[in-house]
């Protein structure tokens, strides 16, 4: 099937989805509309990756969590390769590393390759982890033999790749593979492509292995001018990456213009409002608290507060323990605390990379010597380090 003349990306998506449903080529979950479509024969298409030399020499690969890519995830685990899977909608970070239990059977490996297995057998990978991806496998709604690709329209695969570039996890030479049904290989007008669109080097179908020879450059990093403050709120790790690139002198102006994102205008308050949780008096610090350690000896609380504000992870209360090189950030609920941990992974203050952990293992007595009141005024310039 070929798309009609003068079509948009969405026209092509709708045409593919309608065709796969009408011809009963689609597989669970159905209907395939607004998804990376699963299809009958997806496992057969996945098996073709074994014929690629790039897969044979791959040690670490990133595979999207889409259902039609399940067979590739299973092959990667069976081949004892390091398997990275993006977290759903990037809500809690970028990658999870799939780690099967020792002595895992074939049945366990199959479970690890499913979306449920991704949740049950994975560990988060931080921004400072030494990730070097040899191969990227993405789902598609449509793809052309030239390597042009159309996703489901939300831009996550494009953004994930751009974030990996920002992390140094991939380069222009890192091959990209997509797995689709034969009917999803169509002509796509090059005029529909934008600079942030990810292209592919290999297309695997149940009947074909297509080497695209695509020479169009892949995304060179995050196109901040395409990112909105709403996206920054939904994807916390973007805030951390933006802070890093801003410190490196890059232009990180967002689509909405140069303003502070919601929730980042004010520095952390040292006064407790009626809605704020009361300071712990005994027992464990609640899991809505985060400990920041390895703070430089000369850092001031004002520097930390400015940095937290810039990242959009302002706590409701802050306990400062400068002499012990640490601070506790107290949030209203565990979800806010987890979001702060994601944003602060790899964060540098002065010359030090801070240590960030959930404070649930700390005893309330460990807060001794800290205070929530502002220290003596700091008249020196206070700027967060790179």
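Placed from the backbone N, Cα and C atoms, the Cβ positions cover glycine too.
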Message: If I go by TrEMBL, the feature region 'Disordered' sits on one of 247-292, 293-338. Which?
response: 247-292
Statement: Expected hit for region 'Disordered' in TrEMBL across 345-365, 366-386 is 366-386
